[in-house]
Amino acid sequence: LAAPAVQTKMKKTLAKPNIRKIVVVDGVRTPFLLSGAFYKDLTPHDLARAAFTGLLYQTSVPEEVDYIIFGTVIQEVKTSNVAREAALGTDFSDKTPAHIVTMACISADQVMTTGVDLIASGQCDVIVAGGVQLMKMRKLVLALNKTKTVGWRLSLISKFRLNFLAPELPAVAEFSTGETMGHSADQQATSFAYALWSPSLAKKAQDEGFLSDDVPFEVPGKDTITKDNGIHPSSLEQTAKLKPAFIKPYGTVTEKALAMGYKPKAYLRDFMYQAGITMNDIDAFEFHEAVSGQILANVRAVDSDWFSQNYTSRKRKGGSLPLGHPFGATGCRLVTAAANRLRKEGGQYGLVAACAAGGQGSAMIVETYSE
């Protein structure tokens, strides 16, 4: 990997004596696309396999992988362990075990912390951590498979209505409250500003080549996809015309890596307060944007003009709002984005955080790798 565009000014390191140094080597992803677009005829297995292939091409040592973990939230019934099935379709050894993690929007975050634990405990040296999500739902008349007579079948078919063909998406509302995260966010923040700002930053980052973790993906029978297609900057006037989505009327890896030939990008550390650093030490923020109001509510909760100003100045590259949010994969995008930004911008620490259904959250520190 090339040296950072800006020389990193190293502060104190978070390295601890007698503890294995766990590093991020590399990360790739297929472009994030709007649901129902070019990926509509594929399966999660196809996308995961493409990401595996892209990663193997960049790292070239599949035989040294000890374990594969993948995040996914809405599972395809034919590939319930999509991590294993996709890995078997690549050059990974069939002796490498794999499992999936489901933890709503922080599934991939948990995947990485699980990988960190496996390495820190000495059980593994190299982990492949990732995630996949493909919103491909359709209503199936499963009852037809159970009919035993012609009359029974005709009776069932007579009840068919055209609206049965409408996609049936899984519930995103909380089971305990019946509300979505968006309802909570709308109750705490009302603003168009963030919804305008983040897509503009994402478009600028894309144009400047910062979203370099995309790997081209050739969709069978269609074009080769090379970049995310959900980045659409808008104006205040256009945004004001949108209907409220929720509440009306408002809305708002290890040191052994070197011996293996890897070139690490960053360390994964404990959360900042346990690590002994403060907000002043953070050079890059990568927070998952569930909705604009959720981020604004977080800033309000901190109740600090300093944080508001510094978060906006250190964010700069856009997030889940314009790029998209495949539930099982976003956490890996956040960590890869933070590691890449630190190298390109000369920073030392990045703060990655995400929220999830059920009132859960995840946060970790990414520190620039130094030999």
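Each Cβ is built from the backbone N, Cα and C atoms, and glycine gets one as well.
Confidence for the domain 'Thiolase N-terminal' (22-254), expressed as mean pLDDT, is 77. As annotated by TrEMBL, domain 'Thiolase N-terminal' applies to 22-254.
Residues or ranges marked as active site, acyl-thioester intermediate in TrEMBL: CYS105.
What TrEMBL records for HIS325 (among others) is active site, proton acceptor.
Sequence annotations record features per position, and here TrEMBL assigns active site, proton acceptor to CYS355 (among others).
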Could you state the CA-to-CA distance between CYS355 (active site, proton acceptor) and CYS105 (active site, acyl-thioester intermediate) to the nearest Å? 7
If you count Cβ atoms within 10 Å of the Cβ of HIS325 (active site, proton acceptor), leaving out that atom itself, what do you get? 20
Cα-Cα distance linking HIS325 (active site, proton acceptor) and CYS105 (active site, acyl-thioester intermediate), given in Å to the nearest integer: 8
Cβ packing number for CYS105 (active site, acyl-thioester intermediate), 10 Å threshold: 27
